[in-house]
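K.L.:
Feature annotation from TrEMBL assigns [4Fe-4S] cluster 1 binding site to B:Cys51, B:Cys54, B:Cys57, B:Cys100. Residues or ranges marked as [4Fe-4S] cluster 2 binding site by TrEMBL: B:Cys61, B:Cys90, B:Cys93, B:Cys96. Taken from TrEMBL, the feature domain '4Fe-4S ferredoxin-type' applies to B:39-71, B:81-110. Residues or ranges marked as region 'Disordered' by TrEMBL: B:152-171.
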Amino acid sequence: MEIAFYIAGAVAIVATLMVITRHNPVHALLYLNVSLLAHAMLFYLLGASFAALLEIIIYAGAIMVLFIFVVMLLNLGKETAEQERKWLKLKVWAGPTMLAAILFAEFLALVLSSRQSTYSPAVVSPREVAVSLFREYLIGVELAAMLLMAAVVGAAHIGRHKKLVLHRFLKEEKEREEEKQEEMVL
Amino acid sequence: MISLLRSIGLTFLHMFRKRETIQYPEEKIVLHPRWRGRIVLTRDPDGGERCVGCYLCAAACPVDCISLQATEDENGRRYPAFFRINFSRCIFCGYCEEACPTYAIQLTPDFEMGEYNRQNLVYEKEDLLIDSQGKYPGYNYYKVAGLAAGVKGKGEGENEEPPVDIRSLIP
Amino acid sequence: MNEILKYTLMIVIILFTLTTIAAWLIWLERRMLALWQDRYGPNRAGPFGLFIVVADTIKLFFKEDWIPPFAEKAVFVFAPAIVAAAVLLSFVVVPFAPDILVADLDIGLLFFLAMSSLGVYSIVLGGWASNNKYSLLGALRGASQMISYEVFMGLSLMGVVMLSGSFRLTDIVMAQKDLWFVVTQPVAFVLFLTAGIAETHRLPFDIPEAESELVAGFHSEYSGMKFGMFFIGEYLGIILISAMVVTIFFGGWLGPFLPPVVWFTLKTFVFIVFFILLRASLPRPRYDQLMEYGWKIILPIALLNLLVTGAFTLLKN
């Protein structure tokens, strides 16, 4: 199982690198998706099967679809890819990469010096997740629920139709009917 | 919701209805006599050709699929020297039948005319002419047309001019 | 070693059976539709026209596999594979019988939901990669429809999870030993069935491919076996949803006298035929009607059902 863990980890890293270097946004998003699936695999191998499947359902299955949805609607063509290519010059990414590499080396040194057992899966069942959510982290759950409620109310407010919008044919029909009614009153 | 369930139920009950399909090659469809199918040339009760080569059918044809050449026999009676219908153009509209003054050209209830070679769809006179009087049995053009009905003489009817003397030069 | 061999054999047999049944479903659907429309349907090739499937398959394989020059090639080829793969992966957790199942995951139900949520990608990517306005419209509709109906699908199943106390599908089946969940959770059953039809984009809810408006929707540009993959994926989806309905609400393999697999197959076939009956009888709702129906009616009912079920479970304890 340790081999599977390292394979999934490698896939995640490679896919994430591809996300950064792709010029076409949809390709980048697809690699991001692969990366998320690899993460789900890692979670599963670490024993958190519930978290793994939630990662797939929510991140890979819903949020990424919405991302692709939006990108699809933007109608990004060859020009965007060209622009992206221009931005991805050595001059632009060399500085941040150097700094990140220093941090990574530091992190690697820390991990290697800690000498703890690196891979020790302990299976966490959905029941345990639920119990810990509604016992130890109850306040967090409640706060998140409130936040989501606020978001839902906000979305409902934005999506509210202020007035009835009619098609022009229907509008004419309505006007005619109103005129008729006025005549009837007179 | 109830209307949805009702339509599902009604569709389900169609399971026990009779099927409307006609299993064609084994089971033939019953066509009525006025059905517009393959075009034929019919004959008199005496066995002579009815067609007098007037070209009205060719003129009426909207797709110009009829071509013929009129000629005369030794008695001065007109008949078509050749009569050709290109069935790959024909749209079976029946205008030729309506135009025909002698009931010669008729549409029959037959549609099984499939061919592998397109050239075979061009029917010549020998393919078209049948040994039958078609839809109008007993009708003979030369025995009906231009004859007095036995009630009044020629040119004696109301609003009818006297017959033209074809041998005089006066208009 | 023996264990691995046994599992490999099981996987191969299940895969083979499923794809074969999915192919024959094309014939079944056409015959049943014909029956309900007072016709005969395909009845020429072979006994009862059964060989029409062979003819169709040969035709699909020999068709020119055309990729439009304006399409995004890689994604275009990739998209049809996802739908079949996602649906077939879901079958991993379906318990056909107590000893005929590939993996008895303790999160089986969630696995099914996860895989069905991945199925959206085939529609979205296929529609986008075709680079065609009708395909794109179909993809948009498909994405929004499937994302929203996934929510209700998950929510409607949570009541069952509460009653059985497990995500494991075998546990859910065993919990129905005395009483099927369709009796205790009738609302959840109706909601799940509705969401399932929307999830497989089958006929009353086939707005991603609405022929009368969008040519063929997201797979307008597909031909040959790529189209065949979408086709088979759809029929596999029908089998999957029917099998899940049977597993979750109709006691899975449980039943007297007959062996478990036979019971499971029989029940599943009833639902497959019901799917076809729906296609024969119901008109397609408008896109906005479908979304409104989902968010304004099904979602509150699903939440209410969840609440009531929770209250009952608490009271019983």
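Just so it is clear, glycine is given a Cβ too, placed from its N, Cα and C backbone atoms.
TrEMBL: automatically predicted annotations, no manual curation.
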K.L.:
Here's one to test understanding: among the binding-site residues B:Cys51, B:Cys54, B:Cys57, B:Cys100, whose C-alpha is closest in space to the C-alpha of B:Cys90 ([4Fe-4S] cluster 2 binding site)?
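P.N.:
Of the binding-site residues B:Cys51, B:Cys54, B:Cys57, B:Cys100, B:Cys57 has its Cα closest to that of B:Cys90 ([4Fe-4S] cluster 2 binding site).
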K.L.:
DSSP on the domain '4Fe-4S ferredoxin-type' (B:39-71): how many residues come out helix, how many strand, how many coil?
P.N.:
5 helix, 11 strand, 17 coil
K.L.:
Count the residues of the region 'Disordered' (B:152-171) that DSSP assigns to helix (H, G, I), to strand (E, B) and to coil, and report the three numbers in that order.
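P.N.:
Each residue of the region 'Disordered' (B:152-171) counted once, the result is 0 helix, 0 strand, 20 coil.
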K.L.:
Residues other than B:Cys61, B:Cys90, B:Cys93, B:Cys96 within 8 Å, Cβ to Cβ centroid, of the [4Fe-4S] cluster 2 site?
P.N.:
B:Ile39, B:Cys57, B:Ala60, B:Pro62, B:Val63, B:Cys65, B:Ile66, B:Ile91, B:Phe92, B:Gly94, B:Tyr95
K.L.:
Please report, as numbers and ranges, the same-chain residues at least 6 past the borders of the domain '4Fe-4S ferredoxin-type' (B:39-71) whose CB is under 8 Å from any CB of it.
P.N.:
77-87, 89-93, 95-108, 123, 125, 128-134, 136-141
K.L.:
Among all the protein chains here, how many other CB atoms are within 10 A of the CB of B:Cys90 ([4Fe-4S] cluster 2 binding site)?
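P.N.:
So the Cβ neighbour count for B:Cys90 ([4Fe-4S] cluster 2 binding site) comes to 19.
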K.L.:
Counting Cβ neighbours within 10 Å across all chains shown, tell me which of the binding-site residues B:Cys57, B:Cys93, B:Cys100 comes out on top.
P.N.:
B:Cys57
K.L.:
Please list, in sequence order, every residue of the chain apart from B:Cys51, B:Cys54, B:Cys57, B:Cys100 whose Cβ lies within 8 Å of the Cβ centroid of the [4Fe-4S] cluster 1 site.
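P.N.:
These residues sit around the [4Fe-4S] cluster 1 site: B:Val52, B:Gly53, B:Tyr55, B:Leu56, B:Cys96, B:Ala99, B:Pro101, B:Thr102, B:Ala104, B:Ile105.
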K.L.:
If you measure from the Cα of B:Cys51 ([4Fe-4S] cluster 1 binding site), which of the binding-site residues B:Cys61, B:Cys93, B:Cys96 is the nearest?
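P.N.:
So, of the listed binding-site residues, the one sitting closest to B:Cys51 ([4Fe-4S] cluster 1 binding site) is B:Cys96.
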K.L.:
Output, ordered by sequence, the same-chain residues six or more apart from B:Cys96 ([4Fe-4S] cluster 2 binding site) with a CB under 8 Å from its CB, or 'none'.
P.N.:
B:Ile39, B:Cys57, B:Ala58, B:Ala60, B:Cys61, B:Ile66, B:Ile105
K.L.:
How long is the line from the C-alpha of B:Cys54 ([4Fe-4S] cluster 1 binding site) to the C-alpha of B:Cys93 ([4Fe-4S] cluster 2 binding site), rounded to the nearest angstrom?
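P.N.:
Here the two Cα atoms are 19 Å apart.
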K.L.:
At the Cα level, what's the spacing in Å between B:Cys100 ([4Fe-4S] cluster 1 binding site) and B:Cys93 ([4Fe-4S] cluster 2 binding site), rounded?
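P.N.:
Pair distance, Cα basis, whole Å: 14 Å.
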K.L.:
Measure from the Cβ of B:Cys51 ([4Fe-4S] cluster 1 binding site) and count the other Cβ atoms within 10 Å, all protein chains considered.
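P.N.:
Other Cβ atoms within 10 Å of B:Cys51 ([4Fe-4S] cluster 1 binding site): 25.
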